[in-house]
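*Asks:* Pasting a structure here, questions to come.
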Ligand code: PRP
Ligand code: URA
């Protein structure tokens, strides 16, 4: 069963409080989402494999540790996932980036895929799917379905804020996927928005309405 990790790091909680606030404008919102994306990536990559390498320090030879050449890919769910992507890439700059475009049908709240472009060597890569919001769970489930259909086997999901309903459905649909969350909120409202949440992540990131 995939694990659910909820971050309690003070820096993440501090920044998240500004991200949530209604009066935070687009520029600051974007910067903060980027920073939290980077901080979360530090934890999400904690179990990456290391290998021994022989190096010379100015003083002596030693056996040091380096990443075992693991091939990584970050996959933002469009649009709002884009806001977390650069933060993750600051820590793993060699990662490939795939894109999956989904929107929620406003009537049914069901996700509809409108775009998918992924790296070619899918089977060999470790994927981190990023999206600020896990609400009903539909978008994350569908994005991961889409990745698996194309051959991905090792997938993590990372978001800023999740509703308990979405976490349960995602765990059920993809029990092999570890879920990383900065805050687990109270519930969903009748429109499928997370309460207390942060509002519409895409609109707040891109200044649309
Ligand atoms: C938001 C958010 C998630 C989705 C979460 O995207 O970025 O992708 O909703 O909701 P769910 O868990 O109920 O599926 P939205 O559909 O608003 O599209 P956007 O990013 O283009 O604004
Ligand atoms: N999508 C958002 O952008 N916000 C929510 O609260 C739920 C889904």
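Including glycine, each Cβ sits where the backbone N, Cα and C put it.
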*Asks:* Quick check: of 20, 30, 46, 104, which does TrEMBL put in the same 5-phospho-alpha-D-ribose 1-diphosphate site as 79, 131, 132, 133, 134, 135, 136, 137, 138, 139, 200?
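*Replies:* Candidate listed by TrEMBL for the same site: 104.
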*Asks:* Closest of the binding-site residues to residue 199 (uracil binding site), Cα to Cα, picking from 131, 133, 137?
*Replies:* 133
*Asks:* Tell me which binding-site residues (131, 194, 199) have a Cβ under 6 A from ligand 1; sequence order is fine.
*Replies:* 131
*Asks:* What's the CA-CA gap between residue 137 (5-phospho-alpha-D-ribose 1-diphosphate binding site) and residue 200 (uracil binding site) in angstrom, rounded?
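*Replies:* So the Cα of residue 200 (uracil binding site) lies 15 Å away from that of residue 137 (5-phospho-alpha-D-ribose 1-diphosphate binding site).
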*Asks:* Quick one: average pLDDT across the domain 'Phosphoribosyltransferase' (6-208), no decimals.
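*Replies:* Summarising the domain 'Phosphoribosyltransferase' (6-208) by its mean pLDDT gives 95.
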*Asks:* Tell me which of the binding-site residues 79, 131, 133, 135 ends up closest to residue 200 (uracil binding site) in space, Cα to Cα.
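*Replies:* So, spelling it out, the nearest of the binding-site residues is 133.
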